[in-house]
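Student: My questions will all concern the structure given below.
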Amino acid sequence: MRLLIMGPQGVGKGTQAALLSEHYGIPAISTGDIFRYNLKNQTELGKEAQAYMDRGELVPDELTNKIVKDRLAMDDAKNGWILDGYPRNAAQVQALDEMLADLGTPLDNAVALEAARDVLLERMAKRAAEQGRSDDTPEAIAKRLETYERETAPLLDIYENRGMLVVVNGVGEIAEINARIIEQLGE
Ligand SMILES: Nc1ncnc2c1ncn2[C@@H]1O[C@H](COP(=O)(O)OP(=O)(O)OP(=O)(O)O)[C@@H](O)[C@H]1O
Ligand SMILES: [Mg+2]
């Protein structure tokens, strides 16, 4: 199974991607986690991405597309994957389409998690207190949500038009939300 997990910041993409990864036995690939890992280890990629991430902006497509392409080519991605946090703009949709055409592995579904803005803000404030993610400052959060609305939310229409979109209510218990997703995707 090849899946996208989409939705605004704080909606629970990472949490649900991890549960789906376990359920379906496929890797969950988060571009944000890859960038954070590189930042922490101060790799060249991390240094290049840092300023964008701290400001809550998208890292340039060239860098982002390359890390996804390399990751999808790895052995453990042969039998499927879940992409969390990618694609995030129209150019990334096109880049992903090309990668998948080259690999001969079409996408199955895009899961869109939904929650009201006050729920998202509350969850991110909690995460900032617990995990101290450097980009969970009020300014960076506001900027990320604004970028999401402008660049990422319109992508849902693309997957809807392809008949691939599955919309799931992201409010409730974690296990309950997970069950909602699996019910729609199939066991
Ligand atoms: N597809 C992408 N394109 C460009 N930049 C990205 C992409 N994915 C992640 N990033 C960079 O990494 C940062 C963190 O991404 P990540 O998805 O972890 O956080 P997020 O947007 O707050 O969502 P979530 O709340 O689900 O973790 C983004 O703000 C951005 O700078
Ligand atoms: Mg995340």
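The backbone N, Cα and C atoms fix where each Cβ goes, and this holds for glycine too.
TrEMBL does not curate its annotations; it predicts them automatically.
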Student: Given TrEMBL annotates THR31, ARG36, GLU57, LEU58, VAL59, GLY85, TYR86, PRO87, ARG88, GLN92, ARG133 as AMP-binding, which of ARG123, ARG144 belongs to that site as well?
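Tutor: So the AMP site in TrEMBL includes THR31, ARG36, GLU57, LEU58, VAL59, GLY85, TYR86, PRO87, ARG88, GLN92, ARG133 plus, from the candidates ARG123, ARG144, ARG144.
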Student: Besides GLY10, VAL11, GLY12, LYS13, GLY14, THR15, GLY172, which of ARG71, ARG127 does TrEMBL list for that ATP site?
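Tutor: For ATP, TrEMBL names GLY10, VAL11, GLY12, LYS13, GLY14, THR15, GLY172; of ARG71, ARG127, the listed one is ARG127.
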Student: Using DSSP, what's the helix, strand and coil tally for the region 'NMP' (30-59)?
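Tutor: Per-class counts: 22 helix, 1 strand, 7 coil.
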Student: Checking the spread of the AMP site as listed (THR31, ARG36, GLU57, LEU58, VAL59, GLY85, TYR86, PRO87, ARG88, GLN92, ARG133, ARG144): what is the longest Cα-Cα distance, in whole Å?
Tutor: 25
Student: Using all protein chains in view, find how many other C-beta atoms are within 10 Å of the C-beta of GLY172 (ATP binding site).
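Tutor: GLY172 (ATP binding site) is surrounded by 13 other Cβ atoms within 10 Å.
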